[in-house]
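*Asks:* Sharing a structure, written as structure tokens. Questions coming.
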Amino acid sequence: MARQHKIEDYRNFGIMAHIDAGKTTTTERILYYTGKSHKIGEVHDGAATMDWMDQEQERGITITSAATTAFWKEKRLNIIDTPGHVDFTIEVERSLRVLDGAVAVLDGNAGVEPQTETVWRQADKYKVPRIVFVNKMDKIGADFDKSVESIRDRLGAKAVPIQFPIGSETSLSGLVDLVRMKAVVWDNDALGANFRDEEIPADLMAKAVEAHAYLVEAAVEMDDEAMEAYLGGEEPSEAVLKKCIRKAVLVGAFYPILCGSAFKNKGVQTLLDAVVDYLPSPLDIPPTKGIDFKTEEEVVRHASDEEPLSVLAFKIMDDPFVGSLTFCRIYSGKLETGMSLLNATRDKRERVGRMLLMHSNNREDIKEAYAGDIVALAGLKDTRTGDTLCDPLKSPVILERMEFPAPVIEIAVEPKSKADQEKLGVALAKLAAEDPSFTVSTDFESGQTILKGMGELHLDIKIDILKRTYKVEANIGAPQVAYRESLGRKVDIDYTHKKQTGGTGQFARVMITFEPGEPGSGFVFENSIVGGAVPKEYIPGVEKGLMSVKDNGLLAGFPLIDFKATLTDGKYHDVDSSVLAFEIASRAAFKELREKGAPKLLEPIMAVEVVTPEEYLGSVIGDLNSRRGMIQGQDMRGNATVVNAYVPLANMFGYVNTLRGMSQGRAQFTMQYDHYEPVPQHVADEVIKKYA
């Protein structure tokens, strides 16, 4: 069966927002109006179509990006629902990587919020074209102009309204379309399915003319012909104006701002029109870069069915009916069921068992898919998030890897029975495969299973899934901080390992220079020996020895990070030297760093933002200071005060309850990992005593 939709008619986009901006409701309405959903699901009653895990329906937040296909005006929309809670930033990064465009949803009452900034920065990183939908315009206190201002102030983005609301709060009746210079008014019944064009109300005409002129001036800058005509006194036609706005969106010159209320069914169809008119098709974005699997040279893949197959796995989910599902974006080529694929990232073979087109919670089996498609594959064995799948025979490729932040919080889990132990192993392996920001390891000394994640909520939800989905009974320890260690100074260490008492002995001498590296540089090993002081075949033993001990640290058993080890000299013995002897020597040299390298304990520092009513400001700041917080600044947002601070993660456990109690539930906070920094000596002494 040939391709049914031209690739230029695809819109692969995501909906991104702060936690309560109404993102899931907006997605629900899109599915309803595009005819995919027969009943509107409300987050308020836990029935939203996209939020299909129990944990999401209860908490009213979106945890996993479900991918859905829908149609609007002959265009094919692949919608990726992204979570808005900061503990799930990884999901957002991962979906932005495979999107071509995005709709940023703002709460018309709050404007740009902390998580909006985070997600916006991530979208900047991946250069994702976006449009903005100011939602909840029916809420008391909603203010469109203020929201637009907050985009300019807080995101530093050029915001250009292409609509503004008619009426506000409970009297919201529609919007002014500044491209067509018409009013669009919705009937209150028929669930928002009926709307009509009217002339712009007389009392809004002056505002509309001014806003239209601002839009036109920004738009014609994108096109020389339009600019010339405009300077000559000619008003651009609707088609020319749309073409210019589209150009601006594709290069990020400005961001069109739309408005409405998804909950009250107003403004969603005009948002869909804007998605079709302004967001990119796969042909509008730069070709995808990759590395040739064999030659390791850079190659590009254009969005075309004729090019060799290249597919990126961006999400793995455990589905109760199908088993493990791998969500994939096809960048080039054609994929068919039964095909044999190469996982180029891991050099493993895979076979496509079933291929599914997902609609949030039901699925359609398909036999083939093309460039631009987002599909779910069942039956893959070794593929993980971020892996590339391709045709083993036609110029295999590795697409660029996704980068995932390191987890900062950990808890110990102990199964209650032998049966639980077995179930726990299987369940954790699946959860770790689904989510790269969640890692599982075993503490060799205590034998405990350690789970690491991005925040308390992140781990809470994993524990919840273990208990509910996998029926594992386990005891959960208190959360622990993922401390790290670093070197305080550069030091040369000369160590000789010698065991020569009859028979084959062991001999290895290493001279290694250890030095602190830049933050984020990781562990770097270098061999600078010139000549044959240590034969080449023994060098890997030196590196292996260091690799085997660095994660146990020097002070309290935490990994030593960001340092460089340079092998500068050494000695060997013709008979008694071996790879193992050099491994033992480098391990012993490493241990001498405890005395000689001035090691330091590091702790994760979180960027914390608290939004609080004025009357609790003193208590909030006092409390943050008592947690070793460093206040970075404060400003006003509406009638609330925003406090920004850096606070050690160790002092943030249980903060949500303290803040709630202190402000009678009116203050909110978000936090995310920012950097590691040395722990003050008196605190370090306590930590070392506890863990060493």
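Even glycines carry a Cβ here, placed using N, Cα and C.
Swiss-Prot lists 17-24, 81-85, 135-138 with the feature GTP binding site, giving sequence analysis as the kind of evidence. Per Swiss-Prot, the feature domain 'tr-type G' maps to 8-283.
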*Asks:* Look at each of the binding-site residues, D20, T82, M137, and point out the one with the fewest other Cβ atoms around it within 10 Å.
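*Replies:* Each of the binding-site residues D20, T82, M137 was scored; lowest Cβ tally within 10 Å is D20.
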*Asks:* Can you work out the mean pLDDT of the predicted model over the domain 'tr-type G' (8-283)?
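*Replies:* When the pLDDT values over the domain 'tr-type G' (8-283) are averaged, the result is 82.
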*Asks:* If you draw a 10 Å sphere on the Cβ of A17 (GTP binding site), how many other Cβ atoms land inside?
*Replies:* 28
*Asks:* Can you see whether DSSP assigns A17 (GTP binding site) to helix, strand or coil?
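*Replies:* SS state of A17 (GTP binding site) = strand.
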